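J.: One structure, as structure tokens, below. Some questions next.
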Amino acid sequence: RENFICLCNPHLEKMKEDILYHFALGTGTHDFPALFGDVKFVCVGGSPSRMKSFIAYIAEELGLGSPGSDYPNICAGTDRYAMYKVGPVLSVSHGMGIPSISIMLHELIKLLHHAKCSNITIIRIGTSGGIGLEPGSVVITHQSVDATFKPQFEQVILGKTVIRSTDLDEQLAKELMQCSKEINQFNTVVGNTMCTLDFYEGQGRLDGAICLYNEEEKLQYLKEAYDAGVRNIEMESSVFAAMCNLSGVKAAVVCVTLLNRLEGDQISSSHDVLVEYQQRPQKLVGYFIKKRLAKV
């Protein structure tokens with residue numbers, strides 16, 4: 001059965017050309033079905049360099065590239081986002097925070113629609129702060145919750161508050177968890193992910209330029225989050241889940257934790273340790289893609 005992208009925008013049908021400005025791509029200048037029609041897996045993450053390293057990793061894992069091969073940035077005409085492709089896998093950077101990933105997702109979803117892609121799986125791979133977990137643990141998101149622990153994404157549209165669901169595909173999360181058990185290289189849990197609007201005060205840190213609460217209040221808040229099922233904190237998952245839901249796309253969030261926020265606020269691990277941590281979601285998702293393609 002072919003499941004195509006659902007575009008919740010009737011106005012697009014009236015447009016002769018669709019310019020994806022932040023990708024430096026457009027339907028009048030690029031053949032989307034030829035460029036992207038075979039895509040089945042889309043992996044997104046904050047850093048352009050990390051998404052380039054992921055595409056090199058997945059190319060080697062799938063036997064689609066030779067060591068040292070270069071993968072050109074499809075969005076080289078802009079410095080907003082970076083995009084790389086090998087075989088059925090598309091790797092795209094989304095920057096930091098809800099506004100940045102939201103812009104990227106609008107154009108990515110349209111790109112997949114114009115390319116006539118079907119049966120797409122989108123996975124955000126990234127880093128996060130953990131709650132009650134050893135650094136280096138990987139969290140597969142069950143639900144994205146806001147800073148009050150509600151599973152919703154709230155946005156003001158035309159002056160009115162619109163609330164959207166942030167549920168993620170339960171079966172996909174179970175499949176990813178099974179993959180982690182099979183590779184058996186690092187601790188992985190399924191839990192709620194808190195999505196905030198800020199890295200410092202919004203996440204209860206004590207080390208920002210402004211902080212008008214004390215350590216006891218911070219710890220109380222983080223423990224309340226833990227009791228609500230939250231196991232990590234980042235800044236993109238809520239709008240990611242909401243937009244994938246509306247577009248009929250199966251989606252997952254897989255993030256490694258760089259520290260345990262119950263024990264501190266600053267990331268103090270060495271560069272080499274952090275690099276190894278950041279490779280863990282890539283390894284898990286890479287194994288998942290290989291398994292889906294019967295290459296395990």
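Every residue, even glycine, has its Cβ placed from backbone N, Cα and C.
Per TrEMBL, phosphate binding site is recorded for Arg80, Arg124, Ile125, Gly126, Thr127. For Gln203, Arg205, the entry in TrEMBL reads substrate binding site. Look at TrEMBL and you will find 40-289 tagged as domain 'Nucleoside phosphorylase'.
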J.: Between Arg80 (phosphate binding site) and Arg205 (substrate binding site), what is the CA-CA distance rounded to a whole number of Å?
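T.: Cα to Cα, Arg80 (phosphate binding site) and Arg205 (substrate binding site) are separated by 28 Å.
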J.: Would you count the other CB atoms within 10 A of the CB of Arg124 (phosphate binding site), including those on all shown protein chains?
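T.: Its Cβ has 29 other Cβ atoms within 10 Å.
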J.: Test of understanding: give the count of other CB atoms lying within 10 angstroms of the CB of Gln203 (substrate binding site).
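T.: There are 23 such Cβ atoms around Gln203 (substrate binding site).
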J.: Take the domain 'Nucleoside phosphorylase' (40-289) and average the pLDDT across it for me.
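T.: Averaged over the domain 'Nucleoside phosphorylase' (40-289), the predicted model reaches a pLDDT of 97.
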